Amino acid sequence: MEKTCIDALPLTMNSSEKQETVCIFGTGDFGRSLGLKMLQCGYSVVFGSRNPQKTTLLPSGAEVLSYSEAAKKSGIIIIAIHREHYDFLTELTEVLNGKILVDISNNLKINQYPESNAEYLAHLVPGAHVVKAFNTISAWALQSGALDASRQVFVCGNDSKAKQRVMDIVRNLGLTPMDQGSLMAAKEIEKYPLQLFPMWRFPFYLSAVLCVFLFFYCVIRDVIYPYVYEKKDNTFRMAISIPNRIFPITALTLLALVYLPGVIAAILQLYRGTKYRRFPDWLDHWMLCRKQLGLVALGFAFLHVLYTLVIPIRYYVRWRLGNLTVTQAILKKENPFSTSSAWLSDSYVALGILGFFLFVLLGITSLPSVSNAVNWREFRFVQSKLGYLTLILCTAHTLVYGGKRFLSPSNLRWYLPAAYVLGLIIPCTVLVIKFVLIMPCVDNTLTRIRQGWERNSKH
C-alpha cells in the first residue's frame, strides 16, 4: 500500500479493499473533498463528469472520464450531484445495472419531495443497488479533517452486501458507520442535516415567553408603580435589577419543569395501573426535551451569578451606601448588629452557592463525553437524586431570600406579589408531589408497575 490515511481508524484493514477503485459522479465541492479523502486513504478514484476536458481543481492522482466510461471502471459509484440532475442516469441504465450507487444528496427543505432522494434514485435505476450514506458529513469537514464532532455516517439500503461494502469504505475513511436499516429510512436520514435545533425549540420558546412575561411584570411593580404613586424614576432598574430578578426565576422555573414531566408520568402510571399505555404526545415530547430545558436553565443561572457579581460596582449601590453612611454620621446613629439578619443573609448566599455548584455538576454530567463514561445507575443518581437536591437548594435559596416578606401587605403593589413568589409556584408543587410519590406506600406500587405489574391484568 503506497498511502495510508492518517485520520483513519479502521476496524479491518484489508489491502484488496483499500486498492479498489471508487467512481464519483460530480466534481463539486463535496465530490472533490470526498475524492481527496479517499486518495489519502489509498483508494483509486475516478471522477465522472459531463465535461471531462474542462474539469479543474481535482485532486492529483484522480482520473476524469465521462459518466459512462467512469461507471465501467468501478462497481461502487458515489452520486455527488443534486436530485434535480438525476435524469441523465436513465441513459446509463445498462452500465449501472448491478452496481452500487451511493446517494449522498440532501434537499433544501424538509419534505420537499414525496419520497426520499435515495428512493427516487432506486426508481430511476431499478437494476442498481442504492445505498444512502455520507449526507451528514460536510465538504468542509472532509477537507479540514475536523470530524471529531461528526464522525457518524448513517447508512441504509435494501441490499445487505452492498450496504456492507459502503460501510467498509466509511470505516476505512476513519468514520463510524451507523446502520439504519432498509432504504425506507433514507427519508429520516435526509431530514437530519436540515433540522435546526429540533429539541431546543420548546425550551427556547418557553424561556423567551417566561422572560417577556416576567419583564413586564417587574416593570409594572418596580418602575410604573413607583412613578404613579411616588413620582420616582426607576427606569434605570431595567438594566441590572430587573434582569437579575428575571434570570434566577426563569432558571428555577425551568429546572422545576425538568422534573415535572417525570412526576406527571408517575401519576399517570399510578392512575392507569400499567406502564404499557403510551404517554400523550405532548408529555412524550416534553420528556425528550428535559436535557435541553436543564441546560437552558443552567445558562440563566450563570447570567444570575454574573449579574450578582457586578452589584457592588453599580453607581446606585455605591450612592445608596455612601448616602446611608453620611446620614448616619450627621444624625449620629448606628444600626445595631442583628444576628438573625446575619444568619438569613449567610444562609441565603450559602444555599445559592451550593445550589449553583450542583447545577453546574448536572450540566457537566449531561455532556455526551461524560454521560458515556458512567453507567446507567451512576447517571440516574446524578440526574435524579442530585437533581432533586439541586431543586431543593435553589428553592430554599429563594425562600430564604423572601424571608418574612411573603406575608407582608406592604410588599404587594396593585395586589401583585413580588416576582420571586411566582417563581416558587412550580418548584414547590413539584417537590410536594415528589414527596408524596416517594412515600413507601406509593413508591412500592409505582415500582411494581414499572417492573411490569398491571392492576387489572387478566393473566
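Backbone N, Cα and C atoms are what each Cβ position is placed from, and that goes for glycine too.
Feature annotations, reproduced from Swiss-Prot:
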- 27-30, 49-50, TYR67, 81-85, ASN106, ALA139, ARG171: NADP(+) binding site (BINDING)
- TRP140, ASP148, GLN269, ARG290, SER366, GLN383: FAD binding site (BINDING)
- TYR217, TYR307: Fe(3+) binding site (BINDING)
- HIS304, HIS397: heme b binding site (BINDING)
- 247-395: domain 'Ferric oxidoreductase' (DOMAIN)
- ASN323: N-linked glycosylation site (CARBOHYD)
- 202-224: transmembrane segment (TRANSMEM)
- 236-256: transmembrane segment (TRANSMEM)
- 293-313: transmembrane segment (TRANSMEM)
- 342-362: transmembrane segment (TRANSMEM)
- 381-401: transmembrane segment (TRANSMEM)
- 419-439: transmembrane segment (TRANSMEM)
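All protein chains shown were included, and the count of other CB atoms within 10 Å of the CB of HIS82 (NADP(+) binding site) stands at 14. Among the binding-site residues listed here, namely ARG171, TYR217, HIS304, HIS397, HIS397 has its C-alpha nearest to that of GLN269 (FAD binding site). When DSSP labels each residue, the domain 'Ferric oxidoreductase' (247-395) comes out as 125 helix, 0 strand, 24 coil, counted as helix, strand and coil in that order.
Its Cβ placed at the centre, SER49 (NADP(+) binding site) has 19 other Cβ atoms within 10 Å.
Cα spacing between HIS397 (heme b binding site) and TYR307 (Fe(3+) binding site): 17 Å, rounded to the nearest whole number.
Residues 203, 206-207, 210-211, 214-215, 218-219, 222-223, 293-294, 296-298, 300-301, 303-304, 307-308, 310-311, 314, 316, 359, 390-391, 394-395, 398, 419-420, 422-424, 426-427, 429-430 of the same chain sit 6 or more residues outside the transmembrane segment (236-256) yet have a Cβ under 8 Å from a Cβ within it.
Under DSSP, TYR67 (NADP(+) binding site) is assigned to a helix (H, G or I) in the three-state scheme. A Cβ distance under 8 Å defines the sequence-distant neighbours of the transmembrane segment (381-401), meaning residues of its chain 6+ beyond its ends; these are 248, 251-252, 255-256, 258-259, 344, 347-348, 351-352, 354-355, 358-359, 361-362, 365-366, 374, 420, 423-424, 427-428, 430-431, 434. Under 8 Å, Cβ to Cβ, and six or more positions away along its own chain, THR27 (NADP(+) binding site) finds PHE47, SER49, THR55, LEU57, LEU58, VAL64. Cβ neighbour density within 10 Å is lowest for ASN323 among the recorded positions ASN106, GLN269, ASN323, SER366. Sparsest Cβ environment among the binding-site residues ASP29, GLU84 (other Cβ atoms counted within 10 Å): GLU84.
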